[in-house]
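Quick look at what TrEMBL annotates:
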BINDING   D18, E205  Mg(2+) binding site
ACT_SITE  D18  active site
BINDING   19-23, R31, H35, 63-65, W67, R69, R186, 192-194  substrate binding site
ACT_SITE  N66  active site, proton acceptor
Amino acid sequence: MQNLLPITVPEHVAIIMDGNGRWANARGLPRTMGHRKGVEAVRDAVKTAAEAGVRYLTLFAFSSENWNRPQAEVTDLMGLLKAFIRRDLADLHRENVRIRIIGERSNLRGDILPLLIEAEETTSGNTGITLVIAFNYGARDELTRAMRRLATEVAQGRLAPEDITPERIAASLDTAGIPDPDLILRTSGEERLSNFLLWQGAYSELLFVPELWPDFTRETFLSALEKFACRERRFGGLAQPTLAVGS
Ligand code: IPE
Ligand code: IPE
Ligand code: MG
């Protein structure tokens, strides 16, 4: 790939795609136009991540708290996800992208759930980048659902309390089998997690960039990957000592 420096590429990048509404407001457009433009940025981000060698790309598309928005905007966002899957699934499949959906499914209405399942099933055998779409996702909701399942197993005598380990909790989350994000990136200048991957992000590098999501280009993404490569990760230990010359 051109322009890409030989850098440490994160295995898993998770993005809080924020700023669609402000992008539209700044142009005197309705918020929905920002969301529409945001879908184009999604397409580019998947391509860039795949080309750069990222193995997992998680995109926060709709949070469990986004139901608090006006009904028309919620309907619009649901419609956009459906349109994205209908229009892009064949292309993504051809590009060997595997799709996973995380988030609560039980309160999704209409044809959205069958579409999400179709996207996962169609691409389940693919071996390229995994695109994880966080839809109707909230970390507290995800953890609550997992805790309830574990509590039920304990109550039924199928699991001892001491069998509840960090590994078992991780395996009970929607992200089971997906490595923790190395990098959590948020656009639009906001510096908060907004209930995104609270367990999985325990040791993620955080990067907040000023660009609004519809303005998030390949170049912005590549420069974020370069910034990540300059970070020193410690995981509670000490920095790797640099080998002395001749040692
Ligand atoms: C991100 O853009 C998209 C979703 C949260 C679904 P916003 O809609 O939050 O845009 P701002 O933050 O209002 O600019
Ligand atoms: C987070 O953005 C959710 C998504 C990007 C889908 P929000 O715009 O909903 O977050 P807050 O409300 O500013 O924290
Ligand atoms: Mg926002």
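Every residue, even glycine, has its Cβ placed from backbone N, Cα and C.
No curator has checked TrEMBL annotations; they are predicted automatically.
On the structure: features taken from TrEMBL.
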{"residue": "D18", "record": "Mg(2+) binding site", "DSSP (3 states)": "coil"}
{"residue": "W23", "record": "substrate binding site", "DSSP (3 states)": "helix"}
{"residue": "S64", "record": "substrate binding site", "DSSP (3 states)": "coil"}
{"residue": "R186", "record": "substrate binding site", "DSSP (3 states)": "strand"}
{"residue": "L193", "record": "substrate binding site", "DSSP (3 states)": "coil"}
{"residue": "E205", "record": "Mg(2+) binding site", "DSSP (3 states)": "strand"}
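Calculated from their C-alpha atoms, the gap between G21 (substrate binding site) and N66 (active site, proton acceptor) amounts to 13 Å. Checking the binding-site residues D18, G21, W23, H35, E205 against ligand 2, the ones with a C-beta less than 6 Å from an atom of that molecule are D18. Sequence-distant contacts of E205 (Mg(2+) binding site), defined as residues of its own chain at least six apart whose C-beta falls under 8 angstroms from its C-beta, comprise P10, D182, L183, I184, F228, R231, R233.
Considering other CB atoms within 10 Å as the measure, the emptiest surroundings among the binding-site residues W23, W67 are those of W67. Here the binding-site residues are G19, G21, and the one whose Cβ sees the fewest other Cβ atoms within 10 Å is G21. Residues within less than 8 Å, Cβ to Cβ, of H35 (substrate binding site) and separated from it by at least 6 positions along the same chain comprise N20, A24, D76, L77, L80.
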